[in-house]
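Quick notes on the structure that follows.
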Amino acid sequence: MESFAPTRKGRAVFSADAAATAAPGSAGAGETLDPAKDALIIVPVRGFVLFPGIVMPVVLNGPAAIAAAQEAVRQQRSVGILMQRESGAEEASPLNMHRFGVVANILRYITAQDGGHHLICQGEQRFHVEEFLRERPYLAARVKRIEEPDERSPDIEARFVHLQGQASEALQLLPQTPPELIAAVNSAPSPGALTDLVAAYMDASPAQKQDILETIDLRARMDMVAKLLAQRIEVLRLSQEIGRQTKASLDERQREMLLREQMASIQRQLGEGDGKAQEIAELTEAIAKAKMPAEVEEAARKELRRLERMPDASAEYGMIRTYIDWLIELPWSLPEEAPIDIAEARRILDADHFGLDKIKQRIVEYLAVRKLAPQGKAPILCFVGPPGVGKTSLGQSIARAMGRKFVRVSLGGVHDEAEIRGHRRTYVGALPGNIIQAIRKAGARNCVMMLDEIDKMGASAHGDPGSAMLEVLDPEQNSTFRDNYLAVPFDLSRVVFIATANMLDTVPGPLRDRMEIIALTGYTDREKLEIARRYLVRRQLEANGLKPDQVEIDDDALIEIIRGYTREAGVRNLEREIGRVLRHVAVRIADGSASHVHVSRAELTELLGQQRFEDEVAMRLSVPGVATGLAWTPVGGDILFIEATRAPGHGKLTLTGQLGEVMRESVQAALSLIKSRAAELGVDPESFDKTDIHVHVPAGATPKDGPSAGVAMFIALVSILTGRLVRNDTAMTGEISLRGLVLPVGGIKEKVVAAARAGLTRVLLPARNRRDYDEIPQDTREKLEFVWLEKVDDAMAAAFEGMAATPAPN
């Protein structure tokens, strides 16, 4: 059967008479139901319950509801308003319909201009569905109509009076209650009618209203409505109380503002008290403009009220004023962030730093992630490396690339937790901690904060600042960081934290676990030369008031400064020495003795004095018992001389040079290995009991430790016991085992760079360190010959290659 379609569009009202005169062949007209069989046309509704005696608009959803309503209008019949069990169901079917509904008369059928269909219905009587007779094109069912009981017993009357009182109270609590509704409640003809009236207009869920409709017993129904109405009255009372309090608060604030204005006007006329009143007014305005969170603003206004009541001469007046100033001046709101330009970030990093390709690539990756996920929790980078390699300047470059403010917090020597969290205001001279002070200095809540020298914090009786830093660097906690001085939470989650350290040994494990470690190694001589050309000379020219056309420094002179006057992993001393050279030049130009100065290698002795570092390798390796090891230090790699000598004695082993426990064990392991191979090496096994051996590692004032010198110890001992010289162009590193294996060690890049810097041409490295070969700079690889060691036999073959045996000195 086709669905009903009106023949005239835009018609707003269908009456029963008009529908009756519709064309008999209209689509949707089905066979007429027999009223005698209690057959009822069902209009399905969603999320709506109609009660007997109530006139309500009914929204027609879906073709079944529209067809049912139009057929009922055509036949001039009542309909059954029945709610669907699932309001989200598209099609009405017997399976998703409730079984209790209300018989209703259609007072009006409305077709709106937007195409919607509505009925104005008046509920008449409850019914129960006994059987659905049809499903398409509309629902029809055989129903049992339920008569409303007319009881007037005392308990019913008592409930009636109670419910009527509740309804009147609820209507009084509601704003703008229609008078007709009040009159309907007061003139309800019966307890059942009152109950249905209250249920219809009560703020309850459709499910609760359906339960009321299905409750046939009048007492139970009245109790159910009374209970729900009592809950609603309580909600209305609370809402009204909250509204009164809010209005009272606003009225009090307006009254206070008016009184203050009047007081200020009187004071201005008298010429008294202008200063403090103006100060309070300025602070009030500043608090309003600071865009503080509600909790912080409440704390600020509370302190402002205390300040207003306090005499100016009070000692506490200045403390409160300082506290309010801190709250006002902190950046509580988040500024707009410019998008990160990755290409511009690369340009900035390349312009500010030479080399460091892998470090810069990691920073670019970090910035790319920040760009794509600005709300994400980015890792906290920690740059670890020797002094002067550019850790702090990398942080400044990151800030420039992100377009953010940069601020630096020095943690070196901090040993008090209050330096991080601040002092409580009860102490004289209390201030916030370094973190909050840095935020205020930056003036932005999304700044880049450099935590410099994080490895140099120390615990004391005043607490452990390292533990306080755990909260600062934890993305899960720092959004509510609470400084002891402020005593209110401050959001640090948008701060980009970057830490620096020279070494990780002194950084607590939990703190180290919160950071991503990025190691910066020392520069090669070629890299230092390029850095001097591009940055250091230019910076020192500007610092000393010189112009580029007044001074020219040869590359040979710069190389000589690098090798003879500075021996460091970074370039800090190199810049200092270049500054010394240019100050000498500035004197010549300032006194008029020269207008252009050319600095060559030959002039360095005159300008800087004698070289501070000399090549001692050849001299030290001129006797047996001396081997050159390679060491890693916090300031980069270095060469390490191992000296051994022997003398008649009783088999005593002496170790000097401030050797650590691991290094001492390396010497003992090397000597035990030699004893086990004495026959192979040509050493008399009985000579060990008649010989005292002394191993020394200069410089004696510097503590040394680690397993890296095992190979060098072994070669030095073999050299002194066999009288063979070690090649003077060879350095070595590696740990040894009692089986004669050479084990891998760390710091290969720094050690190899140190060997090249010292003028050596061969390095002996553990074969299992081949994976570190790619980390070595290309220019350093080109200068050196690499020998890879599996066993100590490989080390002896390479160290003694081409060297003759000479009598070992006694």
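Keep in mind that glycine also has a Cβ here, set from the backbone N, Cα and C atoms.
Sequence annotations record features per position, and here Swiss-Prot assigns domain 'Lon N-terminal' to 40-233. If you look up Swiss-Prot, you'll see Gly385, Pro386, Pro387, Gly388, Val389, Gly390, Lys391, Thr392 marked as ATP binding site. Summarising the annotation, Swiss-Prot assigns domain 'Lon proteolytic' to 621-802 and lists sequence analysis as the type of evidence. Residues or ranges marked as active site by Swiss-Prot: Ser708, Lys751.
Structure coloured by features recorded in Swiss-Prot.
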residue: Gly385; record: ATP binding site; CB count, 10 Å: 26
residue: Pro386; record: ATP binding site; CB count, 10 Å: 22
residue: Pro387; record: ATP binding site; CB count, 10 Å: 17
residue: Gly388; record: ATP binding site; CB count, 10 Å: 21
residue: Val389; record: ATP binding site; CB count, 10 Å: 27
residue: Gly390; record: ATP binding site; CB count, 10 Å: 23
residue: Lys391; record: ATP binding site; CB count, 10 Å: 25
residue: Thr392; record: ATP binding site; CB count, 10 Å: 17
residue: Ser708; record: active site; CB count, 10 Å: 28
residue: Lys751; record: active site; CB count, 10 Å: 28
How many whole Å apart are the CA atoms of Ser708 (active site) and Lys751 (active site)? 10
In the three-state DSSP scheme, Gly388 (ATP binding site) belongs to coil
Which are the residues of the chain, Gly385, Pro386, Pro387, Gly388, Val389, Gly390, Lys391, Thr392 excluded, whose CB is within 8 A of where the CB atoms of the ATP site average out, their centroid? Phe383, Thr500, Leu520, Ala569, Gly570, Arg572
Inter-residue C-alpha distance, Pro386 (ATP binding site) and Lys751 (active site) (nearest angstrom): 13
Model confidence over the domain 'Lon proteolytic' (621-802) (mean pLDDT, whole number): 86
Using the alpha carbons only, what distance in Å do you get between Val389 (ATP binding site) and Lys751 (active site) once rounded? 16
Quick one: Cα separation, Gly385 (ATP binding site) versus Lys751 (active site), in Å? 14
